[in-house]
Amino acid sequence: MTTVSFQEKIKGVGGHASYEAKARIFREQLEAKIPASLRLPPAILEDPPLNVTHIPETCGLLTPKELDITELDATAVCQKIAVGELTAVDAVTAFGKRAAIAHQLTACLIDFFLDEGIKQAQQLDEYFRKEGKVIGPLHGLPISIKGMLPVKGTVGSAGFLMNIETATEDCDMTRILRSLGAVFYVKTNQPQTLMHLESRSTYGRVLNPYNTDLTAGGSSGGESALVAMKGSCIGVGTDGGGSIRAPSAHCGIYGFRPSCRTTPLHGVLWYQPGQDGFFSSVGPMCRSARDMRLFLEAVLGANPALLDPDVLPVPLKMPDLTKKKLRVGIMMHDGVVMPHPPIIRALKWAKAKLEASSEVEVVDYTPYDHDRGYSIVRELYYEDGGATVRRILKESGEEILPLTEWVISPPHVRDHDASEVWKLRDERDNYRREYSDHWWSQNVDVVLCPPFPGTASRHDTAKYWGYTAIWNLLDYPGTAFPSGFVADPAIDIYQEPPSPMSAADEYNLSLYDATKFKGAPASLQIVGRIYNDGLVLAAQEVVERILKS
């Protein structure tokens, strides 16, 4: 068996010599921003363990106070700053230093600007000293930002080397967060095209902190790895096919995909402007359920519809579930691909715990023609047959990665003329109506299901998005959250050879070797109907409380 070194594992995109020269400049610029005082010893980087999550605590680069701060979730950071128990400077310094360490182990960043973050934090601390109050609900909170969301004066990208740029202004989301008191200090890595459930780019391949032989997910994989390494307590991702939920699930953190057009997207970097067959949404990736709520209440409370005319003024309504028994549908699989044993084990355990509770009613949920829905959304992603992607790569000399070739190739992807685009949108809308009727017939409030057909995937193998992308097609909000289980080769094995349900299932089965996924978090997903974002958040809190009891 060929042994792959850590440096080979973390390597970025290749290409022609001219491309490589340009790419090397960007990587060297990023590495130069990491202070010498925060560089890990060569002995650690030469041969780190598969699980690198403990290295920030043991490497000696962080003080006990900084380690304590980075154990806090975002809500606790905000609470402590608001009562004067923690300064914004101390908060961003601690998370920034830990982010530098995390990057050396996972390639999670594309920009590091801690000095700027500290200056911003100093201004907030001075305001607090003078006024005796916070400037907003996120006063002093360090927030990491996905690469495609511009932050003024920092590096961003739409997924290719040729569109890496330094932002001249904030996008609407970062502008709102800044106005609420958030502090920015890093931008995070994402994949070529922004359309992989893995994150490999010019800046390197993002590794899963719990098992670096596995991916941290995508396209917000830099965020998931950074939050899991506690180099951030909360970050901002985007999700058009699973790009918040899948990486959150892979790294055992919390992530929420809001209903589209409830959070602002204006100014976000993208290479298919005007393509509206599907929409993405912007949401939080964090370390606790309450942090998801904190983020959405703050952002929606700022009324982003006043800034971005494409945003719908839909308030976050959190229902009181003590007055109504929550009805939870359990979807063990989607009828297309059977999840790997660790996910099935987590779902069966969750179902048993919920069935034993008097707080909820549990029913089996029957998926509705998910194979057809998945085919529709895959076709919607690249209505030009992938021509734009191929043109961008050709112009820059950037090598096309395996998952890029897969995502823009038949059978799901082909070129469309105007009438064919209309027909495809009609198929989308008809499917949405059929699914809506089916949902009502199932009589459920929310559905508990897998967020992915396994734990974190092996590198370059994430070729089934059906457990997340189907909900993007329907625009049903959803959250991924940890079950508390991790993959265990001793018990997560097939008792007998399974019979594949489809070609995609056969491929998924071929990927499973229990020994390869050791230690990978097993996560769950809760989804609800469009614009029921508050219900999904409230339901997740109820479900998680029961599971932890």
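A Cβ is built for glycine as well, from the same backbone N, Cα and C atoms used for every other residue.
Because TrEMBL annotations are produced automatically, they should be read as predictions rather than curated entries.
Listed in TrEMBL for this protein:
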type	residues	note
ACT_SITE	K146	active site, charge relay system
ACT_SITE	S219	active site, charge relay system
ACT_SITE	S243	active site, acyl-ester intermediate
DOMAIN	90-537	domain 'Amidase'
For the active-site residues K146, S219, S243, which one has the sparsest Cβ surroundings, going by other Cβ atoms within 10 Å?
-> K146
Nearest-integer angstrom distance between the alpha carbons (Cα) of S243 (active site, acyl-ester intermediate) and S219 (active site, charge relay system) = 5
How big is the Cα-to-Cα gap, in Å, between S219 (active site, charge relay system) and K146 (active site, charge relay system)?
-> 9
